[in-house]
């Protein structure tokens with residue numbers, strides 16, 4: 001069944017343009033509430049669902065939060081408001097408080113004038129595709145309102161921030177602390193601005209916080225995981241041991257060492273697999289179609305299974321759950337530790353990296369010295385919405401030619417973004433100059 005509104009990470013778009021309008025978001029709240037009410041009454045006759053709403057720091061969050069509240073209330077659903085908290089905080093609190101669902105108002109790493117809505121189930125996982133389709137179907141039903149005595153109530157959740165801080169700290173080994181470690185934390189002027197610095201500080205680190213003054217208009221603006229130059233500069237200026245940059249909703253990260261070198265999600269996954277192997281057996285790990293070939297080669301030599309999922313943390317999660325594995329990640333910095341959390345969490349991922357450094361007594365560079373990443377070139381080409389690259393004859397011919405030239409010493413990946421009107425062209429080869437040249441050849445054929 002074709003989706004009308006839900007993408008790979010909920011409903012997302014430009015604020016004020018369909019579907020991110022007050023009217024649509026109110027109807028979305030009502031539709032989701034209607035579906036949740038059906039589930040809830042099936043489990044416990046006469047009961048009513050409660051949902052938790054969290055948001056990042058975008059100015060439009062106030063408007064969309066109010067619209068969701070109205071829609072849920074009209075459907076007879078009670079609402080708890082967490083205020084600005086990371087996406088993974090909503091997943092955790094929904095599960096911990098035994099709520100029916102969690103809702104996040106965020107567009108992650110996108111600019112401030114974008115926003116989005118995504119849902120978590122009662123278990124703290126992203127909604128199943130079937131449930132999202134049910135909500136889409138419910139959107140086609142005219143909105144009404146339950147009787148006045150059945151309207152949903154709305155209240156604030158006391159100390160959502162403190163509850164989540166304690167949860168994050170609980171994932172760090174009891175026998176370790178961060179005393180003697182100087183950390184720069186870039187919060188992207190986003191949802192973790194009042195949380196991440198305190199987590200690391202309470203574990204003993206000396207913390208320098210940047211990107212922690214949200215205005216409603218500056219989320220991800222020259223800061224955060226997608227703009228690491230600010231972090232690199234701050235790490236060097238403060239002579240820090242490590243830098244950690246989160247994105248706007250704090251579900252992913254990048255790390256920088258004392259020299260200013262940036263470490264990718266692929267390198268972090270390699271570090272974490274090796275660290276886990278030092279304390280327990282590791283059956284396998286999950287990457288994506290974009291994961292560097294070097295990991296595949298290294299894991300094979302280590303006797304560890306490796307599977308590529310489609311790009312998107314929800315698909316990495318599905319592949320892990322299917323196999324009963326615990327560790328997965330994307331090069332963009334989405335990391336999954338299923339023995340720690342049900343979803344990607346930038347703060348918890350940082351704590352796992354820090355625990356590996358503490359446990360080994362080594363630096364990031366030392367922990368990755370035995371793996372040489374294949375050079376990758378990724379080019380994003382802006383296209384019109386709905387553009388189908390698979391019907392572009394020139395691109396397909398050039399792709400086939402490049403693959404023939406690479407043979408077994410590289411690969412080509414072309415895919416459409418699930419959240420933006422972009423075609424991503426990636427070429428991986430043992431030679432960086434070759435990868436760059438071939439990626440540009442393919443990208444040049446894109447006519448839209």
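Note that Cβ sites are derived from N, Cα and C of the backbone, with glycine treated the same way.
Binding of Mg(2+) is attributed by Swiss-Prot to 247, 249, 251, and within the candidate set 100, 108, 121 the record adds 108 to that site. The Mg(2+) site is defined by 108, 247, 249, 251, and by the 8 Å test on Cβ atoms against their centroid, the other residues of the chain that qualify are 56, 86, 87, 106, 109, 190, 191, 246, 248, 250, 252, 346. In this structure the C-alpha atoms belonging to residue 108 (active site, phosphoserine intermediate) and residue 247 (Mg(2+) binding site) are separated by 6 Å. The candidate set comprises the binding-site residues 247, 249, 251. Of these, 249 has the most other Cβ atoms within 10 Å.
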